[in-house]
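*Asks:* Take a look at the following structure, please.
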Amino acid sequence: MVSVNNVTELIITGLFQDPEVQKVCFVLFLPVYVATVLGNGLIVVTVSISKSLRSPMYFFLSYLSLVEICYSSTVVPKFITDLLAKVKTISLKGCLAQIFFFHFFGVTEILLLTVMAYDRYVAICKPLYYTTIMSKTVCHHLVAGSWVGGFFHSMIQIFITLPLPFCGPNVIDHYFCDLHPLFKLACTDTFVVGVIMFVNSGLFSVFSFLFLVSSYVVILFNLRNHSAEGRRKALSTCASHIMVVVLFFGPAIFLYLRPASTYTEDKLVAVFYTVITPMLNPIIYTLRNAEVKNAVKKLWGKKVNSSLE
């Protein structure tokens with residue numbers, strides 16, 4: 001079925017309506033986005049340069065940081081610039097593109113977090129076979145599989161959205177394009193596509209979260225057989241991973257498993273996982289990991305020394 005669209009441009013209501021509040025949000029969120037790009041970018045550069053961060057865990061961490069930059073950049077730059085605009089608009093094609101890349105990078109991140117959990121499981125539960133199981137080829141395949149999985153997930157989202165006719169109104173009650181608010185503008189029944197989205201996004205997030213939690217429960221259970229120092233180091237690493245998993249999945253599950261709504265608190269929850277969480281991830285991984293901190297210090301130490309020479 002080919003959709004007939006009278007709507008070619010959409011108006012975005014934004015996070016708040018008060019112009020003064022929007023200016024305050026601009027001042028708050030611009031540094032957050034800059035910190036997100038610089039913090040995650042620093043991890044990508046540090047892992048790629050540092051010889052001490054050659055293990056699979058850091059290989060996956062660098063790709064996770066890269067995905068965080070891309071994920072945040074699909075929403076936040078336009079969101080920030082819209083805070084200073086009187087009328088916030090986006091083309092229908094631009095809206096669909098934002099939905100595609102938002103879900104593409106979001107699901108890629110979920111799959112990377114799953115890969116990282118598997119990596120920790122092998123490292124802690126099967127240490128003698130770790131280098132054999134997590135070979136360089138396997139690591140590259142796992143990362144590639146994460147990107148491919150994100151792509152197919154997003155293609156499903158777009159395929160169920162493209163046939164929908166949009167004949168008005170054209171106001172999206174959100175600060176970025178997502179499926180829930182866009183479906184409300186379709187001039188046809190969206191129950192079936194809503195169910196598909198619920199399975200593709202909501203249940204996928206829940207099952208991924210339960211799998212990750214189960215993985216870390218198994219890992220923590222197996223730590224009983226390790227030395228005190230080994231337990232301390234493993235707990236520190238796993239704690240970082242668990243914090244990131246909870247911060248990412250909590251808001252996503254809250255939104256995608258509920259009926260569509262236009263409550264302001266829903267928008268604020270979305271702000272948390274689109275703006276705040278991508279900034280927190282490099283802080284969490286860096287502060288709780290001595291190897292990353294030392295590698296960053298060495299990297300910047302070399303930069304400072306070379307600039308003084």
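Placement of Cβ uses the backbone N, Cα and C atoms for every residue, glycine included.
Pulled the feature table from TrEMBL, pasting it below:
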TRANSMEM  26-45  transmembrane segment
DOMAIN    39-285  domain 'G-protein coupled receptors family 1 profile'
TRANSMEM  57-76  transmembrane segment
TRANSMEM  96-118  transmembrane segment
TRANSMEM  138-160  transmembrane segment
TRANSMEM  191-222  transmembrane segment
TRANSMEM  234-256  transmembrane segment
TRANSMEM  268-287  transmembrane segment
*Asks:* Can you see whether the transmembrane segment (191-222) and the transmembrane segment (57-76) are touching - at least 3 CB pairs under 8 angstroms, only pairs 6 or more apart in sequence?
*Replies:* no
*Asks:* Which stretch from 26-45, 96-118, 138-160 shares the most C-beta pairs under 8 Å with the transmembrane segment (268-287)?
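*Replies:* So the stretch in question is 26-45.
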*Asks:* What parts of the chain pack near the transmembrane segment (26-45), using Cβ distances under 8 Å and only residues at least 6 beyond its ends?
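*Replies:* Distant Cβ neighbours of the transmembrane segment (26-45) are 61-62, 65-66, 68-69, 72-73, 76-77, 79-80, 83-84, 275-276, 278-279, 281-283, 285-286, 292, 296, 299.
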*Asks:* Across the domain 'G-protein coupled receptors family 1 profile' (39-285), what does the pLDDT come to on average, as a whole number?
*Replies:* 88
